[in-house]
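Taking it in order: structure first as structure tokens, then the write-up.
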Amino acid sequence: MLQILFGDPNERKIGRYKQIVNRINALEEEFKQLTDKELQNRTAIFISDISKNADLDNVLPSAFAVAREASFRVLGLRHFDVQLIGGMILHEGKIAEMKTGEGKTLVAILPAYLNALCGYGVHIVTVNDYLARRDAEWVGQVPKFLGLSVGLIQEGMTQEERKNNYSQDITYTTNSELGFDYLRDNMAILLQDIVQRPFYFCIIDEVDSILIDEARTPLIISGAGETTEEKYVQASKVSLNLVKNLHYEVDEKARNILLTDSGIVESEKQLECKDLYNVQNPWASYIFNALKAKELFIKDVHYIVKDSEVIIVDEFTGRIMQGRRWSDGLHQAIEAKENVPTQNETQTLASITYQNFFLLYPKLSGMTGTAKTEEAELDKIYALEVTCVPTHRPMQRKDYSDLIYKNQYAKWKSIADECLDMHTLGRPVLIGTTSVEKSELLSSLLKEYGVPHNLLNAKPENIKREAEIIAQAGRKGAVTIATNMAGRGTDILLGGNSNYMAKNALNILLKEVPSKSSFTKNDPQLQSLHSFLLNKIESYEIDDDELETKISIACEKGFTEDALTITLRAAYQILIEKYSSLIKKEQGEVIALGGLHVIGTERHESRRVDNQLRGRAGRQGDPGSSRFFLSLEDNLLRIFGGDKIVNLMETLRVEEDVPIESMLLNKSLESAQKKVEAYYYDARKQLFEYDEVLNYQRLAIYSERRRILESNNLRDWVIQYAETTIEDYIEHYFDKKHSMPNSASEVLDKIEDLLGLPYDLDPMYFETLSTSEAKNFLYQQVRIAYDLKESQIDLIENGLMRELERSFLLQKIDSAWKEHLQQMNSLRESIGWRGYGQKDPLIEYKNEAYDLFTSMTTNIRHSVVYLIFRSQPILKN
């Protein structure tokens, strides 16, 4: 009703942006007439205006018009009006929902250029190193042309390289590199070791993937912990002897294990221990993890085993997460289950969730093809509003209703039949699967059917060809199996992708012997190019790795002055022209057949991920279609669907190989997905609420560390620590003064011991003092003791006291914080049980976390004061 009265709020917002688009378009002819130099000079004019407090919103129309003209001159790409709208949404610190193929990468350049004019640095975040490098080298040429600097952060870079790249006006990086650099900066011992500048503006590509899907996985830097391999192995053996529903129950919704009374007794019997929960010799966590590994974590679904190592598979992208480990002993339990070497437990040194990390930016924005379904969460946790950007061309994709089968066998047979039909027609098909295991099941089925296909899953041998496989998934007759959203970031072009075909051809021409090459047979142009390239390479002394690097650079659009790379790029352009004409013909045939057909093999727990898969078809107004094939044995229906669906199938007496298309079933499916989304949203919200408590403490500790690093003289800092410690003692003394006759002697003994005073303090004199007099008297003793200690230390080396102050302060803060993180983790694990005592676990957690933090800060002060005042200089002969 409100929408009828007031109209669609999204359309009203777009209407406001269109007015600004008209202003940008009005400047287009003027900027077209400018020379390159004149266009580049506009950057200096904008910077000057902003330094005089010009509002960025007022600069926006001119800055966007300049960036659009520069993009056309440098890349040959002109921003469409809808891309200008996307840029405005990002500039305002919102999320722009833009469909697949609408040019998000190009859109990010507009707000990045505008905001970089302020001089504080803009971060553009992508999901992997490849995309970060591709975008920096390709669209990064636009701000470079306009006089701004562009940086790139990649895995394996040195500290100096990182520092240099973060200092640029616009920096491309990945979410994990950015987060880990933040944590490492807050563990730095020297100010010059810090690589990042203060945060200003961040644009996140695939924002839903990072802020929603990865929100439950904290970034953790850890150090070596205890070695308890035997316990994991023993617990794994015990778990094999425990019987499901007798000794333990599995809660698949919560992904948790509940041990029954008989399970506790049986475990204690097999382990020959009296109490699983004994604090001195705890076994409970080992048994729980062993059972989780047995029941909830499946090989080739949740992880793969490669070279005797358990590697996590990202449940949302299907990619392997090399170097990432499950925490709290779960990873070791899975290693024991798979009978591979169990790595040592680790102790957390620093951690942060993506939720709290990205909230550190004063201005945050993001782009994705699918955010509307998570709008409430993005607004509540990140205060990010989602605005849908209209497509440049009308959407033509047909989304067919789901086909639901009684069992898995009938479903997979039907999928294979559909693939065969499409392949026979010549229509390209992309099949999305939810795990490595299921992708390989379908692959073996298609082999039986004689259907040629490409397989893309988390297995390393497949992942190497990821971009190439996805890029060619739109060719006539192509059949591509991909786990989840593998290949996200690479467009599927109907008829194929001439760039990838040209790159592949260039690789073959450079590596095949002319006399043995079947590739160049009957093609004089390729034969001529083959001979020319091989003669050219012979004049350079270059190994295969170097050649591979030069081919990669030649096939990208970044600037290069290397002679061989320029030659390779020229050859690459010739090959692109050759394949473009071939593709144009094939593209017309594929369009006539109906475009790309996407098959979903299971509904994901999130509607958003289903929409991402569907979104691979019908890009930029192309035709396309999608259909999901489901079975009652699929996890979503089995765990969350309830008995309603099963009863309906039984009532209808449906044959196993006959699918059902039913509005009631579709509603039940959507209801099941909403239940799961609500469940995981609650889990992320709870994680956020608990981590927010730790986050306030983290910010306090990190800001204290930073002030210590930036301070040239920490004398007053240590004296303040000492005075606060003295205050604690005095307050305790005056509380106990009347009830404890010897309290003056006791408190003065402690203070003498703490400060290492070379003389005794008089208890009788002390008892005559008021509280303020006692404080002033002891503060005076602190300064006397400190002056004495400083003169002793500086006898060894002048200025040594200043170095000791910084070293002791950082050392104690870091060690105390490490212990505190462990205590907070233990508190978090145990606090849930308070709910059974009619107490709110979150309030209990906040109260106890505050007590732990207060205790930690007191401990830091006491330890630093003791270390400095009691340190004994050793003079060399």
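The backbone N, Cα and C atoms fix where each Cβ goes, glycine too.
According to Swiss-Prot, the ATP binding site annotation covers Gln83, Gly101, Glu102, Gly103, Lys104, Thr105, Asp491, on the basis of sequence analysis.
Of all the binding-site residues listed here (Gln83, Thr105), it is Thr105 whose C-beta has the fewest other C-beta atoms within 10 angstroms. Highest Cβ count within 10 Å among the binding-site residues Glu102, Asp491: Glu102.
DSSP assigns Lys104 (ATP binding site) to a helix. When Cβ atoms from all protein chains are considered, those within 10 Å of Lys104 (ATP binding site) total 24, not counting its own. In sequence order, Met98, Thr100, Leu106, Val107 are the same-chain residues whose CB sits within 8 A of the CB centroid of Gln83, Gly101, Glu102, Gly103, Lys104, Thr105, Asp491, the residues recorded for ATP being left out. Of all residue pairs in Gln83, Gly101, Glu102, Gly103, Lys104, Thr105, Asp491, the annotated binders of ATP, the farthest apart have Cα atoms separated by 17 Å. If you take the C-beta of Gly103 (ATP binding site) and look for same-chain residues 6 or more apart in sequence within under 8 angstroms, you find Leu77, His79, Phe80, Gln83. Within 10 Å of the C-beta of Gly101 (ATP binding site) there are 20 other C-beta atoms, taking all protein chains into account.
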